[in-house]
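> The structure under discussion is supplied below as structure tokens; questions concerning it will follow.
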Amino acid sequence: MAQESSINTASRRTRILHNHLIQSPSKPTSCLQSNSCLSYTPPESTESFDFDIKEMRKILDFHNLEDRDWLFGVIKQGRVFNGKERGGRLFVSPDYNQTMEHQREMTMKRIEYLLERGVFDGWLTKKGVEAELKKLSFLEVIQIFDHSLSVKIGVHFFLWGGAIQFMGTKRHHDKWLRDSEIFAMKGCFSMTELGHGSNVRGIETVATYDSKTGEFVINTPCESAQKYWIGGAANHATHTIVFSQLNINGVNEGVHAFIAQIRDVNGNICPNICIADCGHKIGLNGVDNGRIWFDNLRIPRENLLNLVADVSPDGQYLSAIKNPDQRFAAFLAPLTSGRVTIATSAIYSSKIGLAIAIRYALSRRAFSMTPNEPEVLLLDYPSHQRRLLPLLAKSYAMSFGGNYLKMIYVNRTPESAKTLHVVSSAFKAIFTWHNMRTLQECREACGGQGLKTENRVGHMKGEFDVQSTFEGDNNVLMQQVSKALLSEYIAAKKKNKPFKGLGLEHMNGPVPVIQSNLTSTTLRSSQFQMNAHCLRERDLLNRFAAEVSLYQSNGESKERAFILSYQLAEDLGRAFSDRAILQTFIDTESNLSAGSLKNVLGLLRSMYALICLEEDAAFLRYGYLSTDNAAAVRKEVTKLCTELRPHALALVSSLGIPDAFLSPIAYNWIDANSRSSAQQ
């Protein structure tokens, strides 16, 4: 029987091959019969908008909408931004198929294009809240186009320029700021070393003062002291801010910042400096990251950024801040801009991914429920909704958190420095982690199309991965947040005074009580949601303080006790962040009058609050929620997905990202992949 079956199979295959090979040319058949093929249906033709998407965009973008739209237009019109037509639409995106060298040169050409059109006017020479908000809005637009371009610009203006602005004094401002604004000099920022990243106090580069010549002599004493990952150093930067230990008469005065020239006007590397390329990376290849060694490099005494400390011509160290810890904190305080811009750019990146994936899911179909019925839209599958809509709600929530952070930053005062440090550290970590998770989910939700570079989502993972570690490793930042909260806790208990600041005022009231039987109405109550988040933060702070105290009572040092309590520290950092973000959402919502816009924001706020409850095991681990209540939360999230589904297109259309900055699969993905497009 087996032999007969094998013969029949072979015979059948032979007939198929025979018919294929001798097909009559007089009966041509087409593999592209339109009457049996799928066609693209724009989601706008079937989806309705129940709220004003322009008003929603105003709430999300928050400031400088006209300036943003102007710059979007400038980019769309510029040939250097690589506009291409796909599926009847123009899309602008860098060509990531170019060599690393070409990508870097295109980054500089784009900077020159933007410079010629006045985009950077006032970025270093104008002061005030309006000027700073405009600068932040422009950087966000640039990042939507290309992360390499925004990083290169951010290093030059916010790190190099920001250091001169906020760590230098008038002599530095007059000499360096205007020329930097017009790129007469190109700056970079040499803090990170091969052997030290997050631990800035441990850097090994040494600057020694020579009172005979009135110069500082900068040296790289060992290989681990080489400056590493310095954006702009490999090709274009002419100057750098060097962070170095300052040695005066044999005494180490700690980390200070200096201005050093590393290339001449012709681009030649200066004497006593060696520069090497960091090489190809998983992303950001439009940024020329480099390594720098200093070999007895002499710079004028005046090149010390001296707002906090100075050295007199005869070599006397001068500072009004005598405590070394406080002095070090004062040095680094102005550099929070990096965390602010990273946090906000991460949210715009997640918005791009979600806008593309959700638009694709509103036009791409797969499988029929019954024979001869149309295939089902991806976003009509509950599982697909569960993948994307909670992430969309989180992105909305973090947008409001990002707006709050920006306002703290542009209105900063010495009194708000602690709040700015803690909130920027927390949000930078939470937002960038969220972005990477979102991009991965969006990549998978787009199937094979998510792998194509032109569709952006997959490639953006590599472009934005670095955000989790630069300007502070996320895990380290979260521990810094918890350490700050612990300091507030200890101070309040010692002085027997109420908590004030960092949103910890809820610690002064009674402990919130979670009902034993949570109904849908309760779960959607902003009061319950805030109570649940405050209960978690309150309990974790108490547990963290108790655990650190226990370790200390057993003979451990304060620092060692803190390190051993890392799990509670990380849990507490997340609890603080989630609660702070939820508060910004509630505050945003409270400023709106009743109506459809407020109603949909209420759904998003509930989704955000409940998905935080569902995803953090602390709610079950420490008994804040019973297993029955945890099941109720899970069920409510599913209901919210169903209720948000009709608003999906309107919600992504409100994100403020023009069509040209998304990708072909967000629109007519069939025409974009047609045979005719392949032959162009």
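Positions of Cβ are set from backbone N, Cα and C atoms, glycine also.
According to TrEMBL, the active site, proton acceptor annotation covers E471. According to TrEMBL, the feature FAD binding site maps to T192, G231. Per TrEMBL, domain 'Acyl-CoA oxidase/dehydrogenase middle' is recorded for 188-296. For 335-486, the entry in TrEMBL reads domain 'Acyl-CoA oxidase C-alpha1'. The feature domain 'Acyl-CoA oxidase C-terminal' is assigned by TrEMBL to 538-662.
Help me picture these features in the structure, burial and contacts included.
Listed in sequence order, the residues of the same chain lying 6 or more apart from E471 (active site, proton acceptor) and placing their CB within less than 8 Å of its CB are G338, R339, I342, K428.
In sequence order, K227, Y228, W229, I230 are the residues of the chain that are 6 or more apart from T192 (FAD binding site) and have a CB within less than 8 Å of its CB.
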> Tell me the Cβ contacts of G231 (FAD binding site) under 8 Å, same chain only and six or more apart in sequence, or just say none.
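For G231 (FAD binding site), the qualifying residues are V151, K152, V155, C188, F189, V287, D288, N289.
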> What mean pLDDT score does the domain 'Acyl-CoA oxidase C-alpha1' (335-486) have in the model?
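Here the mean pLDDT over the domain 'Acyl-CoA oxidase C-alpha1' (335-486) amounts to 96.
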